[in-house]
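Here is the structure we will look at, set down as structure tokens.
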Amino acid sequence: MDSDGVPSAAVAEPHLAAMAEAGVSKLLLLGSNGEGPLVPTVELDDYLGPVIARWRELVPHGVTVVNVTAAGTREALARAHAANRAGATGVAVSPPIYFHHRDDEIVDHFRRFEDCSLPTVAYNIPRYANPLTPSVIEGLSSMTHVVGAKDSSGDPDILARLVEIGSHRAEFAVSAGAEAKLLQALEAGAVGLVPGTANLAPVLALELLDAWREQRVSEAAQFQSRISELATMHAIRPGVPAVKAMLADRGLLTPYVTPPLLGCSDAELGRLRDLMVRCESDLLGRPHTPQ
């Protein structure tokens, strides 16, 4: 974000370059830590187009999925069309935010993405949106345009139901986002990881996934432990402001957030710096140098 809280492709450049250098090939843009639903739809074209084009320069075969979650279906579809214009690989969408909806309404919400021209990933993040319930998941199972799910709920029953779809549809892939339960999710059948901590320490997530695939179980557990320690940043300041402050402190982003979010206080930043010292070997960017 720039100082007015407007998304800026130029500001994102150092972070994109660091992610590419770390070996990342797939990006989720405008997710929770990208402040997705807080960014007005009218601002998406100027941001997504340059960012996706730059990612293709950095990672020629890279994947870009854009979170298009919104309060209503029409707005979410408008955001999906912006993602399509920008050249995104796919879109991720949660059930609508703000109002509590019936399950049949949420199923219909996902069904309407059939005509958005991009593969759709169902994004389950009940902390911020209506949850994916068993009946909604059943409705998703027959939608061929829904090619996977990102589950950030940490609910093993919901994860199991999503994984079950993949057992019948090879193209349906489930990724996990609950940072403290990534290894548990892989053990339950998830095939990918999309934790918020990967904004700061992507190699940890990549190494955890590789260790799991190669059956290096004890190493996988160690990587999970290191991710869990980094995730304690949310006990200092929950959510976006902590991630932005840490990335800014390491020269990769500005600390600005979109209103009504506020940046971290000096006291919070001090505690986050203490955490970064403990996690230094895992982090992108350069350590903070006191003036």
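Placement of Cβ uses the backbone N, Cα and C atoms for every residue, glycine included.
What TrEMBL says about a protein is an automatic prediction, not a curated fact.
What TrEMBL says about this one:
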ACT_SITE  Tyr123  active site, proton donor/acceptor
ACT_SITE  Lys150  active site, schiff-base intermediate with substrate
BINDING   Val194  pyruvate binding site
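The Cβ of Lys150 (active site, schiff-base intermediate with substrate) has 25 other Cβ atoms within 10 Å, all protein chains considered.
The secondary structure of Lys150 (active site, schiff-base intermediate with substrate), as reduced to three states from DSSP, is extended strand.
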